[in-house]
Amino acid sequence: QVAAASGHSVVLVDQSDEILKKSTKGIEESLKRVTKKKFADNPEAGAEFIKKTLKNLTTSTDAASVVHSTDLVIEAIVENLEVKNELFKTLDKFAPEHTIFASNTSSLQITKMANATTRQDRFGGLHFFNPVPMMKLVEVIKTPMTSQKTFESLVDFSKAVGKSPVSCKDTPGFIVNRLLVPYMMEAVRLFERGDASKEDIDVAMKLGAGYPMGPFELLDYVGLDTSKYIIDGWHSLEPNNPLFAPSPLLNKLVEEKKLGKKTGEGFYKYK
């Protein structure tokens, strides 16, 4: 959405036409919300903006057939290294030599994905934050092999779509999640030890630290399965790091399929 709205030609790729129709409709609805604020005094200009943006957007279920005409590929599929690497290996065969590959991963190592391709120097991370149309931040990740030219291109692209890029090396969780995930896990440990209730911990961090959501509300919003996947991955990389220690309570909730807002129950219950 943000790339199309800023004048870039975008091909959105997914596994089925049904998913793509749903995605396109979601983008259209999101654009309507944006234009309602942005063009409050000029609805005609708003309608033209939506029309122009959607014109920049096409869809496909065959990534290999459309990648030949791209300058930048941004991957945002399931947080599974093997699945991502299979996709990148395939696209690497069909993409032009100049095409830059980037992953929107929030927790996996960019270097391991780059190594699945023949374009390690043209590979980096572009980690956008949800909801992307509203959130200004993009983490631009540079691996030891990413060329300066590629890095600068990713920074320039981030600015061109109206975001504020920050740079980070390929370290677990980059900047935001490297600080945020251990913070959420420490909140769970605090609750597990019986030092404070989850409700009081959430209130304390909202009123005392000015956070919009408490750690348990945030865990439920992110998804407990996603949080567990991240911490398990980091624990396997650095098993002696106490910040990356798994949580028995989190593991139990995931096992019980209580994954947060998306399942109706996590640390809290949702109607």
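Numbering starts at 1 and runs along the chain as it is shown here.
Even glycines carry a Cβ here, placed using N, Cα and C.
Annotation comment: TrEMBL describes Ser30, Lys37, Ser106 as CoA binding site. According to TrEMBL, the domain '3-hydroxyacyl-CoA dehydrogenase NAD binding' annotation covers 1-171. Taken from TrEMBL, the feature domain '3-hydroxyacyl-CoA dehydrogenase C-terminal' covers 173-270. If you look up TrEMBL, you'll see His127 marked as site 'Important for catalytic activity'.
Rounded to a whole number, the distance between the Cα atoms of His127 (site 'Important for catalytic activity') and Lys37 (CoA binding site) is 26 Å. Across the structure, Ser106 (CoA binding site) and His127 (site 'Important for catalytic activity') place their CA atoms 6 angstrom apart. Confidence annotation: the domain '3-hydroxyacyl-CoA dehydrogenase C-terminal' (173-270) carries a mean pLDDT of 96 in the model. Around the Cβ of Lys37 (CoA binding site), the number of neighbouring Cβ atoms within 10 Å comes to 8. Around Ser30 (CoA binding site), the same-chain residues at least 6 positions away in sequence with a Cβ under 8 Å from its Cβ are Gln1, Pro131, Pro133.
All protein chains shown were included, and the count of other CB atoms within 10 Å of the CB of His127 (site 'Important for catalytic activity') stands at 24.
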